[in-house]
């Protein structure tokens, strides 16, 4: 089967031959096939396909719950071999033992010392690994019932969640919404260090001079992707990381006034990268907590002391779990030490009380708003949310200089070809670093301010969201943070007026995402049959939306493409989100699922490829529009036409 990554697809130079209508010789009609998958908006993509039940017709909620699981941090529903953190009573003989028995299961001690009194044990014999949650729960129950055990915690796998002259600063609607430019008249965050506990970083040009020595806390060599366990190299090794940590770091401290890229919220600050999420997109609880502790200057056995302790720590990660005793002890001691911890609220459109670490005390929990100033449809909410900040919504568009762009938060990443680029991501993972950057500004302007005072300042100067804009009564904390007001350069009041052009204004209309099933003519994989090709419009309020061509595709070979037409001109333009499934899809005699597509800003990478893909999609749209017009002339008045799983162009 022909490999068909997006870059290759663009370079094919596909030609179009309009199919003739032909006669109607009676032949057996082949059964129609079904194809479905997930379209990930920029920032919501993941490399791991999620198996969904075959025949399931209502998939949106199921897949929506996977967002935070896959990238932004929901605990997996099965045991992953992460082990158990056990705290024994003082003087317990079991605390000295190398192994513990729990029924038929043997747990082996993995550490030489303790972290806040906890030892890490993993299953080495028995059948726990890979079993469903009830098996894990039975082990937790058995350990918790022991008289010599104070506490036991599953070592859960968690995942990731002055006006500058920078070229893309005009696209940073998020900074305009936060009133950042007036705040920079006071400080740019100089002399403050922010720790980004995430996937690590890449050496992006817009982060040059911003990165201090960090550390890789990933103990699992396979998940580390660098051939070893913990080491002093905090570089992001790619895989399913999506270069999430670099995107977060850029939001906080990207270089300003270099006539390139973007501007960080606290562009005078420095970043200590702490790598705790690996090539799988996830990491375990112990690695994360020890990384957080080290970032603040705490001692971790076997790891050199951090020479640049960070008074601000950003956690754009998490999971669906309670705040356990160990986590709460770590965050409480950090608060006593004067360290401000900022955490993403989660991307499941649920109460943040179920999302770790957002549900821990002494953590500033941040929800997300889109460029329309309303709670983003994916953002968690509830009493645990302290404030809101721009997190993006690429189902909306912003207009800058007469051109439309996705309404995400733009920052520093690396593309599949290894190029350093800027991409619009969405998520509370993007909202949290906005607040971490603002906390750095406050610390720069007022050294010694405590975490409680930082939170009080943020809440006291935020611009409240109405119940209508939040979507939940009292669910958005104090509202959207206002940097200028927090720094005392503006008085709290109505929503600040956006800065003059060229800064973008709120979007006028939502975006439509279209998914295409391009039917390739038999014997010529470079030739698309637009008559047999279909498209459909998808919706949904999450970063990942399901599409399904249900028993509507003629058997054959297909290319699956998704696209957001920002300006409605039926042309793929630079910066418009577009993506293609990595392989051709064979629907000859069987259905296919998990045909998942990741959208990224489009740019021509090969001569002829851009126009070819544009032409393919345009011809399909025009053909379906013509079919719709023909059927409207023939069908009884008042009936609405749908075509082979797609919708007529309107």
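Start at 1 and count along the chain as shown; that gives each residue its number.
Note that Cβ sites are derived from N, Cα and C of the backbone, with glycine treated the same way.
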Check each of the ranges 488-508, 509-529, 530-550, 551-571 against TrEMBL and return the one annotated as region 'Disordered'. 488-508
Under TrEMBL, which of the candidate ranges 597-623, 624-650 is annotated region 'Disordered'? 624-650
Inter-residue C-alpha distance, residue 244 (active site, charge relay system) and residue 198 (active site, charge relay system) (nearest angstrom): 7
Give me the Cα-Cα distance between residue 198 (active site, charge relay system) and residue 429 (active site, charge relay system), rounded to a whole Å. 10
Pick out which of the active-site residues 198, 244, 429 has the most other Cβ atoms within 10 Å of its own Cβ. 429
